[in-house]
Amino acid sequence: MRKKIIAGNWKMNMTPSEAVALVNELKPLVACEDADVVFCVPAIDIIPAVEAAKGSNIEIGAENMYFEEKGAYTGEISPNMLVDAGVKYVIIGHSERREYFAETDETVNKKVLKAFEHNMIPIICCGESLKQREQGITIDWIRQQIKIAFLNVTADQAKTAVIAYEPIWAIGTGKVATTEQAQEVCAAIRCCIGEIYDEATAEAIRIQYGGSVSASSAPELFSQPDIDGGLVGGASLKPDFGKIVNWH
Ligand code: 13P
């Protein structure tokens, strides 16, 4: 039985002091034993958020990471910096990073390998555009993203990974994918992992849905056999996140 994992992606929101206030506000609301709860926060909020989350069930994650150890990479954050700050999860390859910051499947793969090397759990994002969905190439596209993201990743590592299926057209639009659409793609992702590795790895890996998840859409989405939780943007900044975490 896979444990659900519900993660907030704060994106570029919340100053350090606002982050502390939000963690303190949400802490009692997201208390939950049967799901992992992660707040992925801007880099500058990580240290105060880790401090504020102490003693609670909240794990703090990062929204991005560089794939080199250290050196002349102005503005980047290294895996060691994240680990030392208390980070366990890191979002890799969010569609906003692919669109605005030129991330590619290849850089995603490098970051995924680096995250595992440092014993962090990558939340690996994939998803199709509206045009790709209309062209009927969604599954082919996602399979390609997954195959490249997992190049040289071992089965033991893959078993611990989290994949977030986030259709780009559903992000921040209020236009949530139908339960059938979300389940269909998450099942196809699990099948693809089974082809790359084996049945045990496919059964172990956790697959989230993301894109306009709300307290009202979460219960049906999270009840699907291949959806193991959500990656939540806008609603993770509000008390509603407590309802999403405690969806059943
Ligand atoms: P929204 O929940 O705001 O649509 O954002 C989804 C997302 O991009 C999470 O990573």
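Along the chain as shown, the residues are counted starting at 1.
Every residue, even glycine, has its Cβ placed from backbone N, Cα and C.
Computed from a predicted structure; not experimentally measured.
Under the three-state DSSP scheme, ASN9 (substrate binding site) falls in the strand class. Residues annotated as substrate binding site in TrEMBL: ASN9, TRP10, LYS11, GLY172, SER212, GLY233, GLY234.
Per TrEMBL, the feature active site, electrophile maps to HIS94. A simple way to gauge crowding: the CB of HIS94 (active site, electrophile) has 28 other CB atoms within 10 angstroms, across all the protein chains here.
In sequence order, HIS94, SER95, CYS125, CYS126, GLY127, TYR209, GLY210, GLY211, LEU231 are the residues near GLU166 (active site, proton acceptor), counting only same-chain partners six or more apart with C-beta under 8 A. The DSSP secondary structure for GLU166 (active site, proton acceptor) is coil. Residues or ranges marked as active site, proton acceptor in TrEMBL: GLU166.
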Select the most exposed residue of GLY172, GLY233, GLY234, where exposure means the fewest other Cβ atoms within 10 Å, treating these as the binding-site residues.
GLY172
Listed binding-site residues with Cβ under 6 Å from ligand 1, out of TRP10, LYS11, GLY172, SER212:
GLY172, SER212
Name the residue among the binding-site residues ASN9, SER212 whose Cβ has the smallest number of other Cβ atoms within 10 Å.
SER212
